[in-house]
């Protein structure tokens, strides 16, 4: 069990020990160095220039040191933190020694320690603390030479020898000097460690031959996984958000209740995306939240097995990238706190809309499959319908709320229209599901169900097209007669191409294809009862008995609806792959027309192929 837990501990340490470096980098980015240097005062300009030079160099050195610590291997980071912890323990030891000397001076007793109970108790507690701290320092530095970390015990030894109070102060100063000398010697002995680490990393890169692009990408992916970048920045942002939330709660608990909890949370979130580091952390947090919401949707609809079937487009990456691009494009980092809060609310609204669209893509095939497969599980139908109802109502609620906060303009219209399109898609899906349910409870199937479904989809697409066209028209009118900008014009062009032109082109192509298929089906002759009895076979497309059928020019029998669906995909006969075209008008035999004998042969071939397929299907079912 301990061995299995070690990788988990290493992963946890790999993230937790790198977070402080990002926190310091975030604080350094927020520092107003220019404002600090402007308020400096010095005797002359030369000294002022030196002060500014030192401050700026310390600022850049802080960035460099934290970046180096951030990219160090885990074992070196652990060693660094152990040294820092040992230094803190030494500092605590000297503070205990300083407090002990001050208390002794205040008490004024210079006799033997064991003769006074208060002096003896003070001595024993200080000595115990110093022994524990020295032992911990030796343990952290992995050495048995405890005396190397015991210089702060010299005042205690002097007091044990009944040294006068003036001597205690001198001994305390000497102990501090010895500790400082030891630390300096240690730092000098490890002065070239960063250089050796950099040289080792450079040698490894040379061995990998990173001149080739694919090797460079492989190294980048390996470092990304080794440093656990998404988890690292997510933990960093979460720590930052918790600190900011606690600070805002303590500072303005009354104003939080007056403004509302949602605005209070948005304000705290906006304060935690004021730097590139925190914005990147928020990006990964949003990605993880979107992924969790999509996985929850999959689990609710299909159980644990549905969560295992991952889709690249449903991993939350789209939502995170959308937030990052919008934040960079709109200059979120350069805004004041209140402006950043309102802009962030709009960006998060867009991200939520994108997440709802991904949830529709997950729900749509599930609810349609329930209707088409005639599944009678009430619990599965309830889950699918409840999810559709949520996706139908929630976008409308979001559009209503955001229209109350902001004045209607082109950007708000785009947001509201995206919510309307989401609700329209869900409405179309639920109508098709209702048709499947109606057919399920009917004794005979609906012959024109395919046409009805097509027209339901067509009406839904037309409404989506009209909404997109209205958005483009409003944006064009606002650009021509209102405030024009390159960004608005580019959004109008992109929106016109993807949501208007491509929708219209796809819908018109589908309409022409269906018209052509219907024209061909209507021109084909219908089989008579005698022909069906003589044919005595099932439809080669759906494998169902035929009470009515159409006959192709090549002499094959099919259901009219089945052949129409086939012609939506390709224009050849399913049996012989000849082009399906209208039958010639009655009269002299057209060149190449099949003779009765040939038609009979084709019918026999159709029967043989159909029987073979039915036999193979039965064998599969038996197996």
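Glycine is treated like the rest: Cβ placed from N, Cα and C.
TrEMBL assigns the feature transmembrane segment to residues 53-72, out of the candidate ranges 33-52, 53-72, 293-312. It is 263-291, from the ranges 2-30, 263-291, that TrEMBL records as transmembrane segment. Per TrEMBL, the range carrying the annotation transmembrane segment out of 210-230, 231-251 is 231-251. Contact between the transmembrane segment (146-168) and the transmembrane segment (79-97) holds: at least three of their C-beta pairs are under 8 Å, each pair 6 or more apart in sequence. Note: the domain 'RING-type' (539-577) comprises 10 helix, 6 strand, 23 coil (DSSP; helix = H, G, I, strand = E, B). Distant neighbours of the transmembrane segment (231-251): 15-16, 18-19, 22-23, 26, 264-265, 267-269, 271-272, 277-278, 280-285, 288; these residues of the same chain sit at least 6 beyond its ends, with a Cβ under 8 Å from one of its Cβ atoms.
Per-residue pLDDT, averaged over the domain 'RING-type' (539-577), rounds to 77.
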